[in-house]
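Okay, structure first, notes after.
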């Protein structure tokens with residue numbers, strides 16, 4: 001009975017995760033949006049890094065470092081929207097996914113949001129650079145459902161941080177064990193690759 005209740009709670013929690021998907025290619029954007037929705041995530045999709053920053057309320061350099069954004073949505077009626085993860089294409093005109101990653105990690109208020117980078121090019125130096133800058137994962141396109149299934153530990157890790165900030169004395173040892181499990185796949189694309 002306790003296991004069934006825990007599973008029901010987990011499933012209910014998972015449907016509350018909101019992912020911001022960023023890709024300039026309509027086909028890739030629709031694919032990732034469909035995969036995320038199939039996995040019960042709420043999805044907002046935009047076609048550029050600048051639109052992602054606008055959605056988050058991070059339009060200017062000062063906003064990134066000094067002030068709390070008014071909302072995480074450009075629409076004043078959606079102040080309640082919370083982003084739990086950003087998944088972005090690497091190669092985009094204007095602002096690359098790497099540039100977006102750096103802006104998010106520089107932000108005082110969004111630096112803890114997990115960021116996942118996608119690319120159709122398997123370039124080890126690019127993958128390593130993104131991971132060192134703070135990306136949680138680097139997926140090769142086309143993204144598959146098995147890739148999307150690997151997002152949950154990162155989302156749970158982010159949720160734990162939020163809960164710890166809300167309740168500093170609340171310890172979540174059980175959740176830390178799940179998040180820090182050996183099933184993490186951060187280096188899976190580095191295996192067997194020769195780094196020059």
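Placement of Cβ uses the backbone N, Cα and C atoms for every residue, glycine included.
Annotated by TrEMBL as region 'Disordered', the relevant range among 121-158, 159-196 is 159-196. Model confidence over the domain 'Response regulatory' (18-156) is summarised by a mean pLDDT of 87. Residue 89 (4-aspartylphosphate) is surrounded by 25 other CB atoms, counting those within 10 A of its CB over all protein chains shown.
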